């Protein structure tokens, strides 16, 4: 009887807690909406954000991050960082949100996939991924900065990617997509390549065979996976455009977004591999037979210099792809 009462009490407390949290979220959303209305009235040229958009931008990232924390895809610092990134991208543009969501969900699933095998190959493997705030920052800082610039330039809302009508906003949209597709491509290649590839990876700078897990090591399976990862994010962006953008019939075709995402994923993985092969240390610990990312007395050098760590390589790759690819795409993008 005591156990039954305890269970009822726990359920009641959980229900009350959820109600309190939901009430706080609604209050926060309304407060943001009131501030946006006040700013719109005061400055005149600012478009107010609807209360539903505020509510969605607060509630949905909280639910997703809570689930990620529960499944160990994020640690507590990563969850806080993810909330900031998720909120800003969602309030700015729902196409940004769905791209981020597909990157996060697919990466989390693939990280857990064949976890026992990866644990034997990677000395730094963590169950579920457990990404911290540094990893969230290195993958999310560029998209977050671009989302803020997008809101300053265009205001919150979805627009067609059309260089002939809105060059700056379209450039920022593609730049943000490129950064997310780059991160997705690298993650898919890292998680799928070592598991499915039948042949050993080759160092991208010398094309020599290297142990699985070597920074800068590439396989055909990994490169194809990076292409698919970027394409997956591009499809999410494209489908959201079809749902939320109203004037697609008088705008440039949006289907190149899918191809752009795939290209960003593939090139991002290649850039990441090159930086990893040259500026990130890789050694083979002869006592354990595992690949390590920092010099030790037991480690035999394989490739790279200890200049950057994996997070810094991810950040630099994201920046390079986000800056260069939209500029190149401008010359080939269909005009409306």
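Each Cβ is built from the backbone N, Cα and C atoms, and glycine gets one as well.
Checking Swiss-Prot for transmembrane segment across the ranges 49-69, 112-132 points to 49-69. Sequence-distant neighbours of the transmembrane segment (257-277) (same chain, 6+ residues past either end, Cβ-Cβ under 8 Å): 161, 174, 177-179, 181-186, 188-189, 203-205, 215-218, 222-223, 226-235, 237-238, 241, 303-304, 308, 310, 313-314, 316-318, 320-321, 325, 329.
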